[in-house]
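Colleague: Just dropping this structure here.
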Amino acid sequence: MHPGDGHTAACLIGWPAAHSRSPLIHHYWLRTLGIPGGYSIESVPPEGFAEFVLNLRAHGYSGANVTIPHKERALQLTQPDDRARAVGAANTLYYDGDVLRSTNTDVEGFIANLDASAPGWDRTPHAVVLGAGGSARAVLFGLLERGIERIALANRSLERAQALADLFGERVVPIAWTDAPAALPGAGLLVNTTSLGMKGQPSLDLDLEPLPSDATVADLVYVPLETELLAEARGRGLRTADGLGMLLHQAVRGFELWFGARPHVTAELRALVEADLAAK
């Protein structure tokens, strides 16, 4: 199915964008929900991004996902919601009448994955977040929105952690990376937003022994599916939430905005994406 054939179509805009799993996810939902629609990949260089986005309908699309390196620029070219503004990046574009709006679905993807993987995780008042990059901003916004009272934010650059604390308020407490172990006792949630533990990256060296026995450990990395951090957490009997779950759940909102039906993250969909990851 192609843009302009009379059916609703959305796309992923990136540079490059060829290895995204988004088409696999959205085509699965279109097929299983019986919706005539399409989802394509559009590789658009930075110098052509503004023209493409501002003429999205002329290109045949009613909405889009946006990935690297365009997410900050997308924020400037659209009418962003509070989540996109707080995160500082937009990953989902949609029309509200003739107004092109944007949001960041990483926030609800992260929270929905926690809800599905570890129901009741939000009963804890304290959390520890590792890393202070773009992903951390989405995580912090979601945790604060959900009512977490205190978040220790550990980063190798304390200045970057302090900058996010200044942005999000006094409930976010910046700490040195080496102080992360001391923050674990009493923390009901630990979240890794760094690339440590990803295939080809150094391991995340952190002893989970100080965590409470009912804590939840989340890792945004999904290659490998089970990082060393998650393996250790499971070995200790802790509940876990992996990066693939977040990837799947963050796609839900965009699909709903474009195609008018709210899809579900199913075991079948997860198995489909796992098989695709294993084949690469």
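Each Cβ is built from the backbone N, Cα and C atoms, and glycine gets one as well.
Found this in Swiss-Prot, in case it helps:
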type     : residues                                                      : note
ACT_SITE : Lys71                                                         : active site, proton acceptor
BINDING  : Ser20, Arg21, Ser22, Thr67, Asn91, Asp106, Tyr222             : shikimate binding site
BINDING  : Asp82, Gly131, Ala132, Gly133, Gly134, Ser135, Leu220, Gly243 : NADP(+) binding site
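Help me see these features in their spatial surroundings.
Modeller: Within 10 Å of the Cβ of Lys71 (active site, proton acceptor) there are 23 other Cβ atoms, across all protein chains.
Take the CB of Asp106 (shikimate binding site) and look out to 10 A: across all protein chains shown you find 27 other CB atoms.
Proximity of Leu220 (NADP(+) binding site) to non-local residues of its own chain (separation of 6 or more, Cβ distance below 8 Å) is seen for Phe110, Ser135, Val139, Val191, Asn192, Thr193, Gly243, Met246, given in sequence order. Secondary structure at Leu220 (NADP(+) binding site), taken from DSSP and collapsed to helix, strand or coil, is coil.
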Colleague: How many Å lie between the Cα of Thr67 (shikimate binding site) and the Cα of Ala132 (NADP(+) binding site)?
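Modeller: Thr67 (shikimate binding site) to Ala132 (NADP(+) binding site), Cα-Cα distance: 19 Å.
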Colleague: Ranked by the number of other Cβ atoms within 10 Å of their own Cβ, which of the binding-site residues Gly131, Gly134 ranks first?
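Modeller: That would be Gly131, with the highest Cβ count within 10 Å.
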Colleague: May I ask you to report the DSSP-based helix, strand or coil state of Gly133 (NADP(+) binding site)?
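Modeller: The residue in question, Gly133 (NADP(+) binding site), is coil (DSSP, three-state).
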Colleague: With Ser22 (shikimate binding site) as the reference Cα, tell me which of the recorded positions Lys71, Asp82, Gly131, Ala132 is the closest one.
Modeller: Lys71
